[in-house]
Amino acid sequence: MKSVLLFGVLLVTLFSYSSAEMLDDFDQADEDELLSLIEKEEARAKECTPRFYDCSHDRHSCCRSELFKDVCTCFYPEGGDNEVCTCQQPKHLKYMEKAAGKAKKFGGKIKKWFG
């Protein structure tokens, strides 16, 4: 009976050890994949179109603001037949960024008071 119990404990220990190593391998693969995605994002970010510049050549090339990506907005100017596209920030996202900035400042003040 003791040998069966000892064998069971040994089996569970080996199984948990092999599972832990497999999870470490998966975690390492996820970290490598994440790093490669970040490198690609940094490379892509260098070629973005700034706010209020023409984005008609690539409508997905607008730069990111502090929290959100700007949107390529196209319109026809008054009295013109040519379509004009520029990178702009939608108003609702602008207000959300302002609110987030104020909340961040307020959080800093609270931290200073109680920190």
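A Cβ is built for glycine as well, from the same backbone N, Cα and C atoms used for every other residue.
Noted from Swiss-Prot: CYS72 is disulfide-bonded to CYS55, selected from CYS55, CYS63. CYS87 is paired in Swiss-Prot with CYS62, the candidate among CYS48, CYS62 named as its disulfide partner. Recorded disulfide link (Swiss-Prot): CYS63 to CYS48, out of the candidates CYS48, CYS74. Neighbour counts of Cβ atoms within 10 Å were compared for the disulfide-bonded residues CYS48, CYS55, CYS72, CYS85, and the top value is held by CYS55. On the backbone, the CA of CYS74 (disulfide bond) and the CA of CYS55 (disulfide bond) stand 9 Å apart.
Comparing the disulfide-bonded residues CYS62, CYS63, CYS74, CYS87 on other C-beta atoms within 10 angstroms of each C-beta gives the minimum for CYS74. The Cα atom of CYS48 (disulfide bond) lies nearest to that of CYS62, taking the disulfide-bonded residues CYS55, CYS62, CYS72, CYS87 as the candidates. Inclusion criterion for the disulfide-bonded residues CYS62, CYS63, CYS72: a C-alpha placed within 10 angstroms of the C-alpha of CYS85 (disulfide bond); this criterion is met by CYS72.
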